[in-house]
Amino acid sequence: MKAFLSWPFYLKLASVLISIMILGYLAIQGQDLIIPMVMGLLFAILLVPVCNFLEKKLRFNRSISAIVVSVLGLALIGFILYLIGVQTTSFSEDWPAFQKQITAAFDSIQDWIADKFGVQKHKQLTYINDLAQKSLSTGTVIVEKMLKSITYILMLIGLTFLFTLFILIYRRQLVRFIIMCFADKHKAVVMDVVNSIQYMVKKYLIGLIIQMVLVTILSFIAYTIIGIKYNFLLAIITGIFNVLPYLGILIATVLGVFVTFATSSAANVLWVLVGMVAVHAVDGNIIMPKIVGSQVKLNSLIVIIGLIVGESIWGVMGMFLTIPIMAIAKIIFDRVEDLKPWGYLMGDDDDAKEYGNEELLPIEEDETEMEIEK
């Protein structure tokens, strides 16, 4: 590390950029293996306390406890997917009705423009109308692609289940392996990193699950009061996408507006927007700070950049996994002396106290003017 720090700046910059490009390329090429492995690791960390309970209180051996916990987790995920699948099937069956209503809405808009601005109907918005018709006609194609993706989803769930199972079985061996990779003088720091990562991931995922459930319930209540047909499906989608900071609630709101526009009156579209704003306000000011808290300690700029990079590498799954991966990286950076600046860059304002920055008081205006005069 000292030899690397002695290099000229342009060599260090080139080395870092090349390393990032290589890691990004490997992440893209190996995503079929890396994504379920990362998900398996996160789920295993979440389920370790349950395994410890079964092993200590009920005297299960490690393999049996890992199998029981993994199967229960898989059954819960399967039940949620079943509920979503039932609602999605009903939604796809109503697609022709959606197409008819949206087409009628476009015709009404064209009539209004012709009446107000005198533009003939057959001349106005030709390109937009053709594009809309083509998009609507591809509805069945979209449904077919969704059905084809079921194979990938099942494969992802299966590999995640296997990785979760075997990580739970060999968790102590994996921790010992990580410790053995470092010199004796670094073992205390390594154990601190491992324990901090386990604590952070567990608290973050538990808080995230509670947040998803509460947001789903609030969204279901809002959609039910408004009178939206697919209230349960939209509520689940809102709860799941809310995991994505800033972008998730926007995506869920767009979907809710689209379904409301296709199945209900235009007035209800406004009520859906009001309802989603209210749900987001409750989540952002009460649920998120109180339940999820600041376990990850990442600032908003880094989160946005991470979401964009994660989506470009792994798609939607990358957006889901970006936050815990960056939080784990920050824990490592904070405990490696040469990487502490990067950990500070990724952190929020509270990290200033950890680095002693409470002593760096702001410069008074008079002192600033004196420095300028000098």
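Using N, Cα and C of the backbone, Cβ positions are placed for all residues, glycine too.
Quick look at what TrEMBL lists:
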type     : residues : note
TRANSMEM : 9-28     : transmembrane segment
TRANSMEM : 34-54    : transmembrane segment
TRANSMEM : 66-85    : transmembrane segment
TRANSMEM : 150-170  : transmembrane segment
TRANSMEM : 204-226  : transmembrane segment
TRANSMEM : 232-262  : transmembrane segment
TRANSMEM : 269-288  : transmembrane segment
TRANSMEM : 300-333  : transmembrane segment
| message | Short question: most Cβ pairs under 8 Å with the transmembrane segment (204-226), which of 9-28, 34-54, 66-85, 269-288? | response | 269-288
| query | Near the transmembrane segment (34-54), which residues from the same chain, at least 6 beyond its ends, have a CB less than 8 A from one of its CBs? | reply | 27, 60, 62, 64-66, 68-70, 73, 156, 159-164, 166-168, 171, 197-198, 201-202, 205-206, 314, 317, 321, 324-325
| task | Grab the same-chain neighbours of the transmembrane segment (300-333) for me: Cβ-Cβ under 8 Å, and only residues 6 or more beyond its ends, written as numbers and ranges. | result | 24, 27-28, 31, 35, 38-39, 42, 156, 193, 196-197, 200-201, 204-205, 243-247, 339-340, 342-343, 345-347
| message | Counting Cβ pairs closer than 8 Å, which of 66-85, 150-170, 232-262 has the most of them with the transmembrane segment (269-288)? | response | 232-262
| Positions whose Cβ lies under 8 angstroms from the transmembrane segment (150-170), at least six residues beyond its ends | 33, 35-37, 39-41, 43-44, 47-48, 51, 62-63, 65-67, 69-70, 73-74, 77-78, 81, 317
| Folded-back contacts onto the transmembrane segment (9-28), same chain, C-beta under 8 angstroms, at least six residues removed | 34, 313-314
